Amino acid sequence: MRISVPELVSLDEILPSEPLLMMGAGPVPIPNQVGRANSIVINHLGETMGKIIEQVKSMSRYVFQTQSKWILGVAGPGSAAMEMAITNLIWENTKVLSICNGFFSGRLAEMATRVGADVTRYEIPEGLAADPDSVKAYIEKYRPEVITLVQGETSNTVCNKQLRQIAEIAQAYGCYIIVDAVCTLSTMPLNMDEWKIDAVITGGQKGLSSIPGVSLIAFSERAHHRIHSRPKPPAQWCLDAKLAEGFWHHNAYHYTAPVSGILAIHEALALICNETLEARFERHLRCSKALQHGIEALGLKLFVQEASRLNSVIGINVPNGIAQKALCAHISNRYRVEISGSFGLDIVRIGQMGEQSRAHHLFRTLHAFGCAIRDLGGDIDLPTGMAELERGLQRF
Ligand SMILES: *Cc1c(COP(=O)(O)O)cnc(C)c1O
């Protein structure tokens, strides 16, 4: 039997005629410069690529705030970078403490379990951040070799604000610490060397405002040494950090690198370097605080208390009588603004990562959000919300 040509609809017909403003939990809008770079294909080996890789590494060192040589790129989502950290630093029977306060920190624990590690989970009640004293108590009780956690839990909008203290405790007990900063890197401070973190994971499509599918990871010297003294290589050939070192540090073939995506991330990093981290953190903080303030002025409630609230993604309780799915669908269809629902919680999430943190996007998003709730029968004070957003942008 022959398989016939399928009936096709053109991409133009599939894609919305007016692009959606991507204000959810990622992917986020990309700057034109990143989009242009992403359309170029060059040889994955050789002098031109070598220069680009050198710059990606040196810019990454600035963004991660590390002097460590061991920056690696990963052809894959943020989860692939998570898996690279886990599968290279952890193996059978490694004692791991996974600090779990959301979906992504749970994913790190699951990955560690799958490589056969002896995983203890410090489960934190919904909406709360990890507490350094509890981490210390867990370390004393279980004596882990490796600790995993997430800086900003995109899933429920909790931020582990005491990451620095936790990392210092981990260091004092000789533990390696792996931090997922997919959502937060370049949106809020993370000083890898100063805080003594052994592996920092990031993805393209969130804080960095690049494309999904190419990710970065940084290993400390100590972590690098552990990887080189493993009892045996990891099972995952593509994610083997020692093999990836061949490409990222010796201009040699490992697998064909995602050249266009690397060019895109080069441009995303260059934009961060031009802006400077200080200015970028300030922009994110001001935009996020102003938007939170505007949302509250509409008459809505934020999901997480300020003490553990993430600024990079804002979680909002869905008003009574409105269905989360209907709200997300309506704001998208009617106002061309995309926001996110959530895995299992009755909240919607609005991102404040990279290009999302621009005043004109905030006004359009808050207006669309308020209108969508009103259209669905919710009771909100839209003029006050919009005025307070403006006031917040001036004040914060
Ligand atoms: C999105 C996200 C991930 C996973 O990234 P993917 O690119 O979807 O694999 C991991 N951790 C955090 C904190 C995230 O926000």
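Indices start at 1 and increase along the chain as displayed.
Backbone N, Cα and C atoms are what each Cβ position is placed from, and that goes for glycine too.
As annotated by TrEMBL, substrate binding site applies to Arg349. When other Cβ atoms within 10 Å of the Cβ of Arg349 (substrate binding site) are tallied across all protein chains shown, the result is 24.
The domain 'Aminotransferase class V' annotation in TrEMBL covers 42-339.
Taking the Cβ of Lys206 (N6-(pyridoxal phosphate)lysine) as centre and 10 Å as the limit, one finds 29 other Cβ atoms among all the protein chains shown. Taken from TrEMBL, the feature N6-(pyridoxal phosphate)lysine covers Lys206.
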Arg349 (substrate binding site) versus Lys206 (N6-(pyridoxal phosphate)lysine) - Cα distance in angstrom: 14
